[in-house]
Number of protein chains: 2
Amino acid sequence: MAFSPLVDELVESLRCLPGVGQKTAQRMAFHLLERARSGGTRLSDALSNAMEGVRRCESCQNFSDTEVCGICENPARSNGTLCVVESPSDLLAIEQAGDYKGSYFVLMGHLSPIDGVGPEEIGIERLLRRVRSDAVTELILATNPTVEGEATAHYISDRLDGSEILITRLAHGIPVGGELGYVDGFTLTHAFRGRKPLLD
Amino acid sequence: MAFSPLVDELVESLRCLPGVGQKTAQRMAFHLLERARSGGTRLSDALSNAMEGVRRCESCQNFSDTEVCGICENPARSNGTLCVVESPSDLLAIEQAGDYKGSYFVLMGHLSPIDGVGPEEIGIERLLRRVRSDAVTELILATNPTVEGEATAHYISDRLDGSEILITRLAHGIPVGGELGYVDGFTLTHAFRGRKPLLD
């Protein structure tokens, strides 16, 4: 762009956002400059505060403003049940469902040797230490039902082989409100195998 | 989100970007925190600099870091030809095409009485003053071929009625590389009416 180095730099910087290319970055920059300068200033402050202030919780590895996050510090959350998720957005989805009252451990990824992500990078040792120190009785492996997520779940379960802990995995089946005709074959097979008596 | 007020505020602030809802804002925030902290800091600085430093060029109304923008100040650009566009991104598209060497006037919108946008809001008086003071010989009305864009072009041309200035509008026709079968009827009609001898 010839007319303004400040606008150029803004467009270029916006491209670090995921899914934002040149055209979208331009549209965002012009929108902020034309119609949302106060929003732009607020975003600038929020970004600088978050980039400086947000760290990992010492206990569960989730993003946190403090050394230990709000969920880990909450005495009402049972430490006996620990749910392992891949990312903060997975944790958020479970929290928004509102039913689970145990604590979490956020891997911030999954095992993926091809990308150089091994057990060390996703904090498996820290997870195992926590499982022992918190006297966890049930470990829910809520990694995603993808190849990498399944491999990560199996790796963790192998590492805990021989312990007394109950290790569980989330149920597969038909989504609530889903229509049978649109459900894929693997999910249907899981749903059939996991069928339950009506009066359970 | 329960776990971090700083992350909450970042997600909320990202929603001021056009086309960004709750889920996308979350994805962006987590991406920046996990993988692109330096990009986030750079974006924060670029935003704050741009929101404070970018103003309108006194001469053409385009975004500029200085009182008069680079294009208006450039002595190599002919002041005799003035191209009126709706937005900085239109100007950018014309600049990237690289053929036009005159100067610009950016309306930053179009006439739209229903939204309270009249001639005053898009700087028509400033445009007319510039047309007179710069001794413009040709005024290219490159507003968009939409109802509002056409109305704006007609309004400007009416205001200059009786002057000696040549007022032109960009040609309609088949896009270069376009296929006839996919071109709409209005465009085809324009292309037929504007047909030219092969050896022109």
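Cβ coordinates are placed from backbone N, Cα and C, and glycine is handled just like the others.
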For this session: Have a look at A:25-40, A:57-72, A:153-168 and point to the one annotated zinc finger in TrEMBL.
Result: A:57-72
Problem set entry | Average pLDDT across the zinc finger (A:57-72), rounded to a whole number | 89
Exercise. So how many of the residues in the zinc finger (A:57-72) end up helix, strand or coil by DSSP?
Worked result: 3 helix, 2 strand, 11 coil
